[in-house]
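Structure, as structure tokens:
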Amino acid sequence: MATANSSNILSSTFYLTGIPGYEEFHHWISIPFCLLYLVGIMGNCTILHIVRTDPRLHQPMYYFLAMLSLTDMGMSLPTMISLFRVLWSISREIQFNTCVVQMFFIHTFSLTESSVLLAMALDRYVAICHPLRYATIFTPTLITKIGIAALLRSALPVIPLLARLAFFPFCHSHTLSHSYCLHQDVIRLACADTKFNVIYGLVLISLLWGMDSLGIFVSYVFILHSVLKISSQEGRFKALNTCASHICAVLILYVPMIGLSIVHRFAKHSSPLIHIFMAHIYLLVPPVLNPIIYSVKTKQIRQGVLHLLFTLKLSSSVM
């Protein structure tokens with residue numbers, strides 16, 4: 001009985017991994033991670049604040065941008081506490097229930113971000129190809145429905161995948177490859193038939209990411225076809241320039257995501273540093289770069305940021 005209890009306790013605890021071989025430098029390594037998280041949080045909160053407070057930005061394009069900022073934070077923030085607990089040598093342990101909740105948020109919001117990028121592609125398609133119908137198509141009600149549908153479409157399919165983990169015994173090493181929990185990382189430690197989880201996970205990713213990426217691709221085919229019909233070169237450049245930020249956001253999400261999946265599927269025996277490097281790029285690059293790209297490339301956001309900075313500077317000088 002004691003052995004069974006001890007086995008149950010063991011199976012409910014996992015051990016996170018920092019940067020193997022560099023444990024003595026973990027405190028120093030935490031500094032750039034802390035700065036990246038700080039930049040990501042401040043950048044996305046700034047975007048949300050500007051969109052909320054500036055009436056000129058109460059338009060579909062900027063509502064979708066606000067959704068992108070929310071999904072960026074939802075994907076990265078659940079990992080922050082566990083990462084710094086490891087890097088600051090507080091604890092490497094994470095309980096099974098906490099691990100499952102962390103996985104749920106990471107996978108749900110990464111899939112939701114893909115859906116939001118598809119919605120933004122459709123927004124650009126309607127704005128460029130059907131500008132006269134833009135305001136009547138993308139109403140506030142439709143945008144709200146798109147946001148709710150994107151979240152539900154991402155969250156509900158993930159639940160059966162994670163619920164099955166509760167029935168798996170974990171008798172292999174309980175050490176995970178990263179400083180946070182990913183389904184593909186946890187499932188390899190199970191001492192049971194994980195065929196359903198593996199196949200279901202591949203089908204889920206292929207369907208959702210595949211549908212989103214196909215929708216984005218088709219949208220840009222129509223956008224490019226419409227832009228090439230514009231007679232003036234300045235008009236073509238202006239139309240394409242409105243899509244530049246979105247194209248960057250798509251690449252920032254999909255390239256690390258595909259890279260991490262390839263590493264987990266086909267490079268299982270490669271250096272742990274490669275796995276860790278790709279995993280942190282996957283979670284930290286979109287939240288950090290998206291606000292910067294949209295602030296640089298989008299005039300209205302850039303003006304909002306400058307206005308906010310000027311207001312803060314003015315209020316601090318008055319005090």
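The backbone N, Cα and C atoms fix where each Cβ goes, and this holds for glycine too.
Here's what TrEMBL has on this protein:
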DOMAIN    43-294  domain 'G-protein coupled receptors family 1 profile'
TRANSMEM  28-51  transmembrane segment
TRANSMEM  63-88  transmembrane segment
TRANSMEM  100-122  transmembrane segment
TRANSMEM  198-223  transmembrane segment
TRANSMEM  244-267  transmembrane segment
TRANSMEM  273-293  transmembrane segment
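100-122 is the stretch from 28-51, 63-88, 100-122, 244-267, 273-293 with the greatest number of Cβ pairs below 8 Å to the transmembrane segment (198-223). For the domain 'G-protein coupled receptors family 1 profile' (43-294), the mean pLDDT of the prediction comes to 88.
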